[in-house]
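Asks: Sharing the feature lines straight out of Swiss-Prot:
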TOPO_DOM  1-44  topological domain 'Cytoplasmic'
MOTIF     15-18  motif 'ITAM-like'
TRANSMEM  45-65  transmembrane segment
TOPO_DOM  66-247  topological domain 'Extracellular'
REGION    81-105  region 'Disordered'
COMPBIAS  93-105  compositional bias 'Polar residues'
DISULFID  CYS120-CYS131  disulfide bond
BINDING   ARG146, GLN147, CYS148, SER149, GLN150, LEU151, GLY152, SER153, GLU195  (1,3-beta-D-glucosyl)n binding site
DISULFID  CYS148-CYS241  disulfide bond
BINDING   LYS157, ASP159, GLU163, GLU242  divalent metal cation binding site
DISULFID  CYS220-CYS233  disulfide bond
Amino acid sequence: MEYHPDLENLDEDGYTQLHFDSRSNTRIAVVSEKGSCVASPPWRLIAVILGILCLVILVIAVVLGTMAIWRPNSGRNSLENGYFPSRNKENHSQPTQSPLEESVTPTKAVKTTGVLSSPCPPNWIIYEKSCYLFSPSLNSWDQSKRQCSQLGSNLIKIDSSKELGFIVKQVSSQPDNSFWIGLSRPQTEVPWLWEDGSTFSSNLFQIRTTATQENPSPNCVWIHVSVIYDQLCSVPSCSICEKKFSM
């Protein structure tokens with residue numbers, strides 16, 4: 001069988017022209033394009049990772065910046081609080097009291113030149129309208145009386161049960177000592193008298209006797225802890241001086 005070329009397919013030189021189907025070429029191109037999408041690198045994942053890293057770095061930078069600002073302020077505050085007195089503490093601080101002073105009811109102090117000051121000498125205790133000195137010196141009753149007089153005071157005169165409670169509370173803290181008070185009598189047969197000459201009333205407290213055959217005339221009075229006794233006036237003992245003042 002002889003091949004007869006189609007004259008329409010001959011070119012100028014007499015060669016036959018070949019025509020391929022364009023649809024197959026298009027299909028190949030599409031497939032290759034789709035294949036390139038599947039085989040493309042994971043750039044989206046890389047972009048997400050880089051974004052997260054940037055966010056973490058930003059958060060760290062903010063935290064470090066906040067700490068850098070806070071530390072100088074806190075250091076300055078600690079210096080002010082640690083080495084300089086607080087004005088609030090100066091305004092609201094109150095003077096401390098000794099245990100002996102805390103056990104009594106405080107009284108109003110006298111104002112002098114705008115400053116509160118005590119109306120009592122040092123080592124004396126204020127109670128109500130009097131100053132009290134619990135002297136540790138061991139003297140006879142007469143010697144204790146003279147000592148109080150030299151200090152511008154007298155051996156204590158107990159006028160009320162409230163004052164008695166105050167005295168008992170003070171001397172109870174010194175259970176090894178007894179204290180002379182301003183109560184005596186010239187002889188056993190006469191009533192007890194205070195230093196100012198007033199008569200003692202047994203309604204206030206009772207005086208326990210220490211009279212014996214060897215010591216029949218204890219004509220002075222002292223207090224030991226919470227009990228009041230008569231005693232020989234010559235026995236050395238501590239004493240309580242009292243000085244009254246006007247408010």
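Using N, Cα and C of the backbone, Cβ positions are placed for all residues, glycine too.
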Asks: Out of CYS120, GLN150, CYS220, CYS241, the recorded positions in the record, which is closest to GLU163 (divalent metal cation binding site) when you go by Cα distance?
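Replies: Checked the recorded positions CYS120, GLN150, CYS220, CYS241; minimum Cα distance to GLU163 (divalent metal cation binding site) goes to CYS241.
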Asks: Let me know the most crowded of the binding-site residues, choosing from ARG146, LYS157 and counting other Cβ atoms within 10 Å.
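Replies: Per the Cβ count, the most surrounded site is LYS157.
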Asks: Neighbourhood of the (1,3-beta-D-glucosyl)n site (ARG146, GLN147, CYS148, SER149, GLN150, LEU151, GLY152, SER153, GLU195): other residues with Cβ within 8 Å of the Cβ centroid, in order?
Replies: LYS145, ASN154, LEU155, CYS241
Asks: Specify the nearest of the binding-site residues ARG146, GLY152, GLU195, GLU242 to CYS220 (disulfide bond), where nearness means the distance between Cα atoms.
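Replies: Given the candidates ARG146, GLY152, GLU195, GLU242, the nearest one is GLU195.
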Asks: If you take the centroid of the Cβ atoms of LYS157, ASP159, GLU163, GLU242, the listed divalent metal cation site, which other residues of that chain have their Cβ within 8 Å of it?
Replies: SER130, ILE156, ILE158, SER160
Asks: From the recorded positions CYS131, ARG146, GLY152, pick the residue whose C-alpha lies nearest to the C-alpha of GLU242 (divalent metal cation binding site).
Replies: CYS131
Asks: Identify, in sequence order, the residues in the chain of GLU195 ((1,3-beta-D-glucosyl)n binding site) that are 6 or more apart from it along the sequence and have a CB within less than 8 Å of its CB; answer 'none' if there are none.
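Replies: LYS145, ASN154, LEU155, LYS157, GLY182 - these are the non-local Cβ neighbours of GLU195 ((1,3-beta-D-glucosyl)n binding site), listed in sequence order.
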Asks: Cα distance, GLN150 ((1,3-beta-D-glucosyl)n binding site) to ASP159 (divalent metal cation binding site), nearest Å?
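Replies: Given the Cα positions, ASP159 (divalent metal cation binding site) is 23 Å from GLN150 ((1,3-beta-D-glucosyl)n binding site).
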Asks: Within 10 Å of the Cβ of CYS120 (disulfide bond), how many other Cβ atoms can you find? Include all protein chains, please.
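Replies: The answer is 19.
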Asks: Of the disulfide-bonded residues CYS120, CYS233, CYS241, which one has its Cα closest to the Cα of ARG146 ((1,3-beta-D-glucosyl)n binding site)?
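Replies: It is CYS241, whose Cα lies nearest.
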Asks: Express in Å, rounded to the nearest integer, the largest CA to CA distance found among the (1,3-beta-D-glucosyl)n-binding residues ARG146, GLN147, CYS148, SER149, GLN150, LEU151, GLY152, SER153, GLU195 named in the record.
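Replies: Result: 15 Å between the two most distant Cα atoms.
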Asks: If one measures from the C-alpha of GLN150 ((1,3-beta-D-glucosyl)n binding site) to the C-alpha of CYS131 (disulfide bond), what distance in angstrom results, rounded to a whole number?
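Replies: GLN150 ((1,3-beta-D-glucosyl)n binding site) and CYS131 (disulfide bond) have their Cα atoms 15 Å apart.
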Asks: Near CYS241 (disulfide bond), meaning Cα within 10 Å, which of CYS131, CYS148, CYS233 (recorded positions)?
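Replies: The recorded positions passing the 10 Å Cα test are CYS131, CYS148.
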